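K.L.:
Residues annotated as domain 'C6' in TrEMBL: 76-182. As annotated by TrEMBL, region 'Disordered' applies to 27-71. Annotation comment: TrEMBL describes 1-21 as signal peptide.
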Amino acid sequence: MLITLAFVFSLLSGIFYPVEACLATSPSRPVTVTTTETPATSSTASSTTASTTSSTTSASTTSATTTEAPPVLRTCSPTAITYGAGDNLNPQQSIKVDYTGLTSTQIGDTTDTTSTMTVTCSAIDGYSAYMLLNGNTPPAENQGNPQTVSIKAVCSSVDMVWNYVVEVNGQTFTRAFTSVNCNQAP
């Protein structure tokens with residue numbers, strides 16, 4: 001007969017041990033139960049007192065702080081403009097065009113920005129530079145035959161269009177452009 005010794009033993013000693021055993025029963029012989037216990041261990045702490053094993057375990061709580069990455073801002077690329085590269089003549093007639101000072105400023109709480117930069121070309125000593133936007137529009141900065149011509153370019157990432165911006169007599173003028181070329185002449 002299969003008897004749960006845990007119940008019998010708990011009645012005798014007042015301690016509950018989950019042990020199963022098969023005992024033969026006989027009306028003429030009493031049943032004697034002997035147990036040997038090995039103390040249980042845990043990774044945190046354990047103690048044994050008078051054949052009673054108690055284990056303590058601790059639960060760890062991990063809290064994580066989620067930080068959102070800043071939004072990816074849309075910016076205008078300066079490479080959306082074709083810049084004159086110059087020629088192989090000596091001295092060059094067509095001269096190299098560069099851009100400098102590219103900055104992008106966020107528009108309010110949006111992911112759009114306003115980008116600004118300076119577009120420049122410089123002639124050699126004794127020569128004047130002459131800039132053309134889109135092959136046919138001279139900027140106001142060409143006046144006076146300067147050795148270096150520099151213009152302000154502004155682009156909103158809302159429409160991704162670069163604009164030449166100039167103030168003349170207190171009025172601001174803008175013109176969209178996609179290419180800049182420069183020539184030099186004595």
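Placed from the backbone N, Cα and C atoms, the Cβ positions cover glycine too.
Annotations in TrEMBL come from automatic prediction, not curation.
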K.L.:
Please work out the helix, strand and coil residue numbers for the domain 'C6' (76-182) from the DSSP assignment.
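P.N.:
Counting residues per DSSP class in the domain 'C6' (76-182), I get 6 helix, 60 strand, 41 coil.
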K.L.:
Mean pLDDT for the domain 'C6' (76-182), as a whole number?
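P.N.:
Result for the domain 'C6' (76-182): average pLDDT 98.
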